[in-house]
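Down below is the structure, laid out as structure tokens.
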């Protein structure tokens, strides 16, 4: 539903009139740009390149620049810009690396003017000089920026950022020779177009790629940047070092940022993924947007204010194949729906609570704050309802500190430092982490690690030490669970299909259910008895312990060297009366070498005590390997990880993700994993656990997280002869013209891993130095020092 409010703005000799409206495009848009008279807008994408007139009630298509029968990659646009001095001049950045200029004044249908094919990869951004009509700047995925003079066929200068791909370039509005560029590795560089050999300034602005930047139209040194770290930062470039003035935290990666005209502290942003809305922020209030536009149903790819002196109209293009004009007055204001109370936990468990002064005063009986009344009320300026600060407000802040010794976050630090996340078999990792959690008093976490070991490890990998059973009253003995029981001196007189009879309704809790007079029934009528119907030999169930397992009675596999444990006879309570009295022990001993008796040969068999020393059990091997596959528990493990994350224990969620790896990764979406990883890494860095943080990044199963160590890293190299910084060229000093980092063996520049002696400071390629020191202990540089490689 289109909103019908209308705004008329007088700008010099022209008048802008319009309302909130949109039109459907033939294809998704990648970028938009507005003509200098604010009457037309150009929309460019992979399959669209059109100019629309902005009329009072609607958009009207004026010109389709995709002409010709054959489709060309030169028309597949990643960016478009309309010259602000010449209304007939446009430039596009093609996905095949070509920069194309267009002259709308040409009489033919084809308006294409010039093609520049010097870039080797996709061109991400093109930008005209704000005051020089013939200067065009481009930034490409190949890491180079090129400055073109439209009166020539080739570029006049090339700028190399010595970095990864260039994401955005913008000429400064106030400084004639200055432009800013943003890079994939999180750096921002400032260049002078007269000096293409080196940048004037470089600093790390974001943790990850910097997708966009924009110079402030009024303040000379203000530069806004947005990146994948979901932040918008405002930098003061007038100081010796770039100073961060404001930081706005958004909910998704920032794809575009544009300062709002005539509003010094307002800027508009849109996201690269997930979030489809457009936000207008007041950088002085970075937590709640001043305005929000919700018209698009897919990712917004381009935004532009309609006129450089009109803050009321914002144009946008989207992947939902729509072009919209937003009226600022029609925007929703999230501050009206925001919770007026704030709650936050500190690093060490302190709790801060902020609420409106009026609410706190009502509870405590104090008089609420009424604002500054030094000036009469009739001098008060009437505020615009569109402004985010509509009135005076005051909040009360309460801080609740944790009691000394009453908890804290020491467990978090100890757990992070002691957890084992890699380098061992899965069973050992789970056991180690369970032990750590148990020693720290976190029994639920310890039990979770134990269950993960049981689910994902085969029975043979489970240590027997943790699965011993306490039997009898007089003491305890170790009976490894994953083995079968062998009754000492027991004759093999029971059939292979004999099953243990469990009486229905028998309430058994903490007793060992191997009765000296327990009856084994082989009747076919025993199908309704409780227990397992697995076709095995003799089943023995309900042994007291941590798990309820079934075991095989196999006298042929008895091992005399197995550890045995004497079980007192009173440990086996009588279950029921003996159905039939079997022959005595002597009879069983006489037939110890006879074959097993089948079910047809003996209808009823029983186990009778031989003497007081008969209750000897030993363990040899598992009953059967019929286990539920680990994938069966995937949903359960996923819910468990979500439970810990929702409880605030993101440490447990990330640790399990790393330890289980691909076993559980497929059950949790990539965005959730990335959120858990970044939250845990942020906590580790707050506690200054840098080594653990680095290990988590290296072991991460999320691609977006594992590349964090490869970004925002700057290595400063000085010449080893004259000590001059070598920032412009990689390996040659500008002053003494000598190469740095020469290998003492091959006398070539080392451009990779460099190893040197701490005694004499000579070194070279790692493999060369290792091979040299295998045959000689003296330095290869000839200094006479005895070097050693360790």
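Placement of Cβ uses the backbone N, Cα and C atoms for every residue, glycine included.
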Swiss-Prot annotation, Zn(2+) 4 site containing 779, 783 - matching residue among 748, 762, 765: 762
Range annotated as zinc finger in Swiss-Prot, from 695-717, 718-740: 718-740
Listed range which Swiss-Prot flags as zinc finger, given the options 641-690, 741-790: 741-790
316, 470, 626 - the residue Swiss-Prot records as phosphoserine: 470
Other CB atoms within 10 A, centred on residue 736 (Zn(2+) 1 binding site): 13
For residue 733 (Zn(2+) 1 binding site), the one of 155, 762, 779, 783 that lies nearest, given that the recorded positions are compared by Cα: 762
Summary of DSSP states over the repeat 'WD 1' (72-112), given as helix, strand and coil counts: 3 helix, 18 strand, 20 coil
Overall pLDDT of the repeat 'WD 5' (249-291), taken as the mean: 92
Residue among recorded positions 155, 719, 722 with Cα closest to the Cα of residue 762 (Zn(2+) 4 binding site): 719
DSSP-derived helix, strand and coil totals, residue by residue, for the repeat 'WD 5' (249-291): 0 helix, 19 strand, 24 coil
Nearest of the recorded positions (155, 779, 783) to residue 722 (Zn(2+) 1 binding site) - Cα to Cα: 783
